[in-house]
Amino acid sequence: MIFVKTEQEIDLMREPCRIMRDALDYLGNQLKAGMTTADVNALADDYIRSRGAIPSCLGYCGYPASVCVSVNEQVVHGIPGERIIRDGDIVSLDFCAYKNGYHADAARTFLVGDVSEEKRRLVRVTEECFFKAVENLKAGTPLYDIGAAVQKHAESNGYSVVRALVGHGIGKEMHEDPAVPNFGKAGTGVRLKAGTVLCIEPMINMGGYQVDFLSDGWTVETRDKQPSAHYENTVVIREDGVEILTL
């Protein structure tokens, strides 16, 4: 069931969404070569709690950390640990904050040091995919128009769209209906109503779309070990467009 939010509920979601926006800005400025992914997790956890919020990911289905830190070929859900972030890496941070009874979710892929133009372009196009997805999005838009827009922009730039992972609704639960794939046929799917809150999150691979789920039960990597990038925001469907809550 897709839960349409009231304006009061959306107002309650604004604060955790602002916290997510600010946390990503903060972490992006802190990231540097030589840090471990565990260092990044500690910074994220401290920041979220300093704002009076709870890191939603910690303990979710047994996930052992407050942030997912995915480096280079890791698509999502990289568990923080002793991996050292190196000059030239791209690092995706994906996490959630819970406050006022509601969750907020966002992700960014950051450049560390002297990053190759190939990786820079991948990160740039992934962000563009998000904005292509919301460009014409409003109440009444068919759900799969979102994925169709992402897929068209990614593939026209020579990249592939991850199919095994999707965006989602969000609210009192971190993951709510509907599932929001990054691929699909325009003009199909349920027509979205004003007040629907979605997490739209293109996950774009430099190589093929295939991924592998690792034995730790969480980390997802590209099968061909080519880099992957991730860009996500929490958005509200409005009558005449979208409101992006985590920007």
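Just so it is clear, glycine is given a Cβ too, placed from its N, Cα and C backbone atoms.
Among the candidates Asp87, Asp89, Asp105, the residue that TrEMBL names alongside His168, Glu201, Glu232 for the divalent metal cation 2 site is Asp105. Among the candidates Asp94, Asp145, Asp212, Asp216, the residue that TrEMBL annotates alongside Asp105, Glu232 as binding divalent metal cation 1 is Asp94. Secondary structure at Glu201 (divalent metal cation 2 binding site), taken from DSSP and collapsed to helix, strand or coil, is coil. DSSP assigns Asp94 (divalent metal cation 1 binding site) to a strand segment in the three-state reduction. Counting every protein chain shown, 24 other Cβ atoms lie within 10 Å of the Cβ of Glu232 (divalent metal cation 1 binding site).
Taking only the Cα positions, the spacing between Glu232 (divalent metal cation 1 binding site) and His168 (divalent metal cation 2 binding site) is 11 angstrom. Taken together, the residues in the domain 'Peptidase M24' (12-239) have a mean pLDDT of 98 on the 0 to 100 scale.
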